[in-house]
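I have placed the structure first, in the form of structure tokens, so that the comments after it can refer back to it.
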């Protein structure tokens, strides 16, 4: 049987995600971001709620991406996620993308010329942002042109790089309906961005979300809920360069901007430059909020939930892969667990995220 991996945030889970799971084949394993997202934002609803939504709509097994995998630029995010799915035995990786290309061919190209391609990126001027450098590399070596704003396509290329040289087939699925950043309401499939923006519009949610009741009952947070905490962390830290990935230039810009910024959005606007994209700045602010330091990734994989089919698969991995299903005295990943505690500060009503939590079990398949 095919074992398909899917890398996801489900922020929140919508009909487009359900479509992706429906199109994927065989046993479906999802590696999902925890409570903070790849572009440096808190998840609108917590990881357990999102895992439950996925399991109710076609996923067989949901595991959590550690914080230092989930909040990263596309390449590291892709690499770390594929590493985890590879250990769980996937032979195919399904993903949504705006452009359906021969991603397999691109992966093969990277297998063959990876070193040369990375050298090309290293030699590009530092005035370019990392995404611009990556795009220049794909243009040079694969003749790819980037049309406007297509984050899923950028991630898809990161996945192609990550599976290079591994025994994993790529299964691109054309994105249906609204674009990633679209807030349009008159479409067949709404984007997660639109759902976050129209979260109080019940008719809209019911049209585009399969597990709408779960979403409506859950505590919801936005970046602004953490702004006072972020401000405190910036003001009370004499040397921001001790924080993961924060360099001197960024430390100075952030310290200056916090004097006048009245919101996270304003802070991001003030700090962003041509070279440092908004997503990168949001990631740095997330690292500062968490006081993140460089640390090793956890050996074990944290299981958030499974169906009967998923449980059987986990059983077959026993002894080969280190799995954590209950977090007790021994931490699974100290960094991610600290992040979860800070996430809970966003709203007093958010449930405990780790201690005493056990994987969600969905009995029917």
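The backbone N, Cα and C atoms fix where each Cβ goes, and this holds for glycine too.
Going by Swiss-Prot, these are the annotated features:
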- 7-20, 96, 152, 175: ATP binding site (BINDING)
Collapsed DSSP category at residue 13 (ATP binding site): coil
Let's check the environment of residue 152 (ATP binding site): how many other CB atoms sit within 10 Å of its CB? 16
By a simple count, how many Cβ atoms lie within 10 Å of the Cβ of residue 10 (ATP binding site), its own Cβ left out? 24
Specify the secondary structure state of residue 152 (ATP binding site) as given by DSSP, simplified to three classes. helix
